[in-house]
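Participant: Before I ask anything, let me first share the structure, which is written out below as structure tokens.
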Amino acid sequence: MLSSIKCVLVGDSAVGKTSLLVRFTSETFPEAYKPTVYENTGVDVFMDGIQISLGLWDTAGNDAFRSIRPLSYQQADVVLMCYSVANHNSFLNLKNKWIGEIRSNLPCTPVLVVATQTDQREMGPHRASCVNAMEGKKLAQDVRAKGYLECSALSNRGVQQVFECAVRTAVNQARRRNRRRLFSINECKIF
């Protein structure tokens, strides 16, 4: 089993990637928006009684940082592609921009689609035009993501589940890779 996992968050600016990380790592919600250029942090998590060091890499969604963003992709074990349910363009950009960038840099790394700011569906000014769960699930299927999750860093709903799923997805991918290696090492050849 993996003793450390690298999890990279991508998506447009201001979709809530940093808020999601802050809520998960410090159980607080940042009051002011602060654009991210490149940031990483780590926490220890437990899965099935085993401690895993989870490295969390927050990337800039702004196109001005497109050239340095791939540096954070190196050796990623799982990618969280995030969009805000209140920002339809951020949703469309997962398919039109982000999945292409991820697949060209990390062709075999599992991806999860994460809908953020779900509290906006109940109380936001754009609640009537918010992206619904069915649209999000369909997008996840279209981009061949390993899963679809929803969360709100503001209300702390679904945050823990996002990272539990990320860890489980990375561990399962590593197990599959190891099984394939075992089979290729133990191949029997008859001449």
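Glycine is treated like the rest: Cβ placed from N, Cα and C.
Swiss-Prot lists 11-18, 58-62, 116-119 with the feature GTP binding site. What Swiss-Prot lists as S-geranylgeranyl cysteine is CYS188, and the listing cites similarity to another entry. Residues annotated as cysteine methyl ester in Swiss-Prot, with similarity to another entry given as evidence: CYS188. The region 'Interaction with ZAP70' annotation in Swiss-Prot covers 73-86. The motif 'Effector region' annotation in Swiss-Prot covers 33-41.
Help me see these features in their spatial surroundings.
Facilitator: Under the DSSP three-state reduction, THR118 (GTP binding site) is assigned to coil, being neither helix nor strand.
For the region 'Interaction with ZAP70' (73-86), the DSSP counts in helix, strand and coil order read 1 helix, 7 strand, 6 coil.
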Participant: Specify the count of other C-beta atoms within 10 Å of the C-beta of THR59 (GTP binding site).
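Facilitator: THR59 (GTP binding site): 25 neighbouring Cβ atoms within 10 Å.
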Participant: Let me know the DSSP-derived helix, strand or coil state of THR59 (GTP binding site), please.
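Facilitator: DSSP assigns THR59 (GTP binding site) to strand.
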Participant: Of all the binding-site residues here, GLY11, ALA14, LYS17, ASN62, THR118, which one's CB has the most other CB atoms within 10 A?
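Facilitator: Within the set of binding-site residues, the most crowded position is LYS17.
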